[in-house]
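Trainee: Okay, these came from Swiss-Prot:
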type	residues	note
BINDING	GLY46, ILE47, SER48, GLY49, GLY50, GLN51, ASP52, SER53, THR160, LYS189, THR211	ATP binding site
BINDING	ASP52, GLU165	Mg(2+) binding site
BINDING	ARG140, LYS173, ASP180, HIS260, LYS261	deamido-NAD(+) binding site
Amino acid sequence: MEIRERILADMQVAETIDAHEEIRKSVEFLKAYLKKNTFLKSFVLGISGGQDSTLTGKLAQMAISEMRAETGDDEYRFFAVSLPYGTQLDESDRQDALNFMEPDNRLTVNIKASVDASVAALAEAGVELSDFAKGNEKARERMKVQYAIAAMHKGVVVGTDHSAEAVTGFYTKYGDGGTDINPLFRLNKRQGKALLKELGCPEHLYLKKPTADLEDNKPALPDEVALGVTYDQIDDYLEGKEVPADAAAKIENWFIKTEHKRHMAITIFDDFWK
């Protein structure tokens, strides 16, 4: 199988979508998981104020609200968690996102003290973290907090990973990539925008430049700069459209380079890495 055929088969992106149908598909998927696992009563999600967590949060709250209405069980709850490292540059966007999704519960856990303590402990042991490695510490601390909250509320951690992110592996292993359920997978970036538009989301939340904003020395570094390819090019590629050869090569290189992130820990029986 050619590399592009394999990528398209793995990422499951449709050439065209009906935004309303895809919204219902994600909501019903989330509800079905709760109905199957009746001991689960909550969804937990970290909210950044960007497109992906805004969309995921809205879908999660819709699913929880419908579960309460259908079952009469008020124990079903959605926890939207703000996880700043110190002060977040686009805090106003996060507040706008929270107001849009109207979560049952809003929590704020500032991760700065925990991350700084970890960095200091490593330095004391002779391990000096680079700015990039410290950025991954932030992502993993955020996920640790979300799992702690989920543990106390019969919950699962919802992920924001979509196919345009999955194909490039643009997430931290066991950080924002370490979730329980991903309702956006199968959608690319522009399709996510279409869902938010259908849901009546404020435009500025899905038109802003995507950024992981993990590095102290490169605040708000755009994803597209870090990747060396635009989301429009990634979206076109995943929809089977023509893209410049250099963009296709970069996407395919990211896919191969980050394949380990899309698997559990490698065992002697795995051969994808060979």
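Even glycines carry a Cβ here, placed using N, Cα and C.
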Trainee: Around the Cβ of GLY46 (ATP binding site), how many other Cβ atoms lie within 10 Å? Please give the count over every shown protein chain.
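Mentor: For GLY46 (ATP binding site), the count of other Cβ atoms within 10 Å is 26.
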Trainee: Counting every protein chain present, what is the number of Cβ atoms, excluding its own, within 10 Å of the Cβ of THR211 (ATP binding site)?
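Mentor: A 10 Å sphere around the Cβ of THR211 (ATP binding site) contains 20 other Cβ atoms.
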Trainee: Rounded to a whole number, how many Å is the Cα of THR160 (ATP binding site) away from the Cα of ASP180 (deamido-NAD(+) binding site)?
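Mentor: That comes out at 11 Å between the alpha carbons.
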Trainee: Given the binding-site residues ASP52, GLU165, ASP180, which one is most crowded in terms of C-beta atoms within 10 angstroms?
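Mentor: When each Cβ's neighbours within 10 Å are tallied, GLU165 tops the list.
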Trainee: Under a criterion of Cβ-Cβ distance under 8 Å and sequence separation of at least 6, what residues of the same chain contact LYS261 (deamido-NAD(+) binding site)?
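Mentor: Same-chain residues close to LYS261 (deamido-NAD(+) binding site) (Cβ under 8 Å, separated by 6 or more) are GLY169, TYR171, LYS173, GLY177.
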Trainee: Helix, strand or coil: which one is GLU165 (Mg(2+) binding site) in, per DSSP?
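Mentor: Its secondary structure by DSSP: helix.
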